C-alpha cells in the first residue's frame, strides 16, 4: 500500500477550511538541555536562534487534524499539504547570484556546498500539481496590501525565500531595519506592497531570569499579555503568517495573572511540567485571541505556518550532530510518531479553534509544511553556514537558499489564490 493509500483523509466541516486525520508519525529524539556559560555573543545568538536540543517523548497517540483552505470546485480533491517530493530538473527560480538578499548563513553554495541535487525536486500534492511560484501573480494579489511574518529566525528564513522570489520581478526598497536586524520592513513601490518581519520569541510576553548577574536561559512567559513587538502592528496588516516553536525547547514558566500555572523542563514539586506542546498551545491561543479581539483588524487574514523540523543525525548541535544527506527521504523512511507531529497537530487544532471564533470578517488558515519538510534532511545548511567562529557546529534547523524552503511560498501563493 502506498503512503497516499494509507493516508486517506475524511472530511469535516469548517467554514473556510477542510479538516482531516492522519495516523502516521515520526519518531525522533532530542538530548538533555545543555547550558553553556560564558559563550561568545555569536554562540549565544546561534543557540537562541535554533532549536535547543531537548528530549521530548510522546507517550500517547494524538488525534491529528489537517486543515486546508477550502478549494475551488475544480480543485475539490486537491490536498496541497499531503504528497511527495518528485524529481524535477527545472532548477530554482533564483540563484545565489540573482538574489542579492540571501544572508551569508543561508548562502550554502557561497559557503562551499558542492552538491546541487537537493534543488532538483518539487513538491507534488495528491491528485493535483502545485504550480511554481509566480511573482507577477503574487504581487498582483497583494497590491496595495501589507503582509507580516510573525515569528523567530525560521520565520525570517521564510521571508528571505520570499524576498528572493519576488525580487526576480521587482526589487524591494529597504524601509526599516532595527539595531539587531530582527524587525525589518521592505516596500515594493510599483505594487505598493509592504512586507514586514515582526520578531518574537514566544508570541506572548517573556522575560529571561537573571541569576547572579548573568542571563540564565530560563524564561517566564505571561499568558495574559502578548508580545507587543508584533501586537502593536496588527491594525496595519492585511495578511499575517504566524509561526513559533523553537524557543520553547528550554526551561520556561507559564504565568496566568499572579500564578505560575505550569512549566516546561522544570523539576519542582509545586509546579507541573506540561511539556512543550502545551506551552505552545497556550501561546498560540493567546495570539489568536488577540487577533480576534482586535477592533481595528477587520478583514485580516491569518495563516499559521506549521512546525519546521530539524534533522540532526549522529548527535545534536553541541555533540557533533550533522545533516549531510543530499537527497530527500521517501515515505518508507518516515515513521510519524514523535513530538514534531504533536506540535503540528496542536497548531492545526488551535488555528481551527480560532477560525470558529472568528470575528468581524477575520479569516484563519494554515500553511502545513511539516510533512513536506520532514522528508528534506538534505535542505539544511549543515556545515555550510559560514560562521568562522563556530567551526564544527552544524545548522540543521534553518534552510539553504535556494532550497526546499521555497516550496513554502509556492504553498503561500496557492492559498492566497484560493482566498482572492
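Note: Cβ is positioned from N, Cα and C throughout, glycine not excepted.
Copied over from Swiss-Prot:
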ACT_SITE  153  active site, nucleophile
ACT_SITE  395  active site, proton donor
ACT_SITE  398  active site, proton acceptor
DISULFID  78-128  disulfide bond
DISULFID  99-164  disulfide bond
DISULFID  108-400  disulfide bond
DISULFID  323-396  disulfide bond
CARBOHYD  96  N-linked glycosylation site
CARBOHYD  192  N-linked glycosylation site
CARBOHYD  212  N-linked glycosylation site
CARBOHYD  270  N-linked glycosylation site
CARBOHYD  324  N-linked glycosylation site
MOTIF     395-398  motif 'DXXH motif'
TOPO_DOM  1-30  topological domain 'Cytoplasmic'
TOPO_DOM  52-420  topological domain 'Lumenal'
TRANSMEM  31-51  transmembrane segment
* Asked: Using Cα coordinates, what distance in whole Å links residue 396 (disulfide bond) and residue 270 (N-linked glycosylation site)?
  -> 36
* Structure fact -> active-site residues 153, 395, 398 vs residue 128 (disulfide bond), shortest C-alpha separation belongs to 398
* Structure fact -> According to DSSP, residue 164 (disulfide bond) sits in helix
* Structure fact -> residue 192 (N-linked glycosylation site) to residue 400 (disulfide bond), Cα to Cα, whole Å, comes out at 29
* Asked: Around residue 192 (N-linked glycosylation site), how many other CB atoms lie within 10 A of its CB?
  -> 13
* Tally of residues which DSSP labels helix, strand or coil - the motif 'DXXH motif' (395-398) -> 0 helix, 1 strand, 3 coil
* To do: Taking only the Cα atoms, work out how far residue 324 (N-linked glycosylation site) lies from the residue listed as 'active site, proton donor', in Å, as a whole number.
  => 11
* Roughly how many Å separate the Cα of the residue listed as 'active site, nucleophile' from that of residue 400 (disulfide bond), to the nearest whole number? -> 13
* How far is it from residue 323 (disulfide bond) to residue 395 (active site, proton donor), counting Cα to Cα, in Å? -> 8
* Which of these recorded positions is closest to residue 212 (N-linked glycosylation site) if you go by CA atoms: 78, 99, 270, 398, 400? -> 270
* Return the single residue from the disulfide-bonded residues list (323, 400) that has the minimum number of other CB atoms within 10 Å. => 323
* Asked: Taking DSSP three-state, what's the residue listed as 'active site, nucleophile' in: helix, strand or coil?
  -> helix
* Structure fact -> Of the glycosylation sites listed (270, 324), the greatest number of other CB atoms within 10 A surrounds the CB of 324
* Structure fact -> For residue 96 (N-linked glycosylation site), the spatially nearest of the recorded positions 164, 270, 395, using Cα atoms, is 164
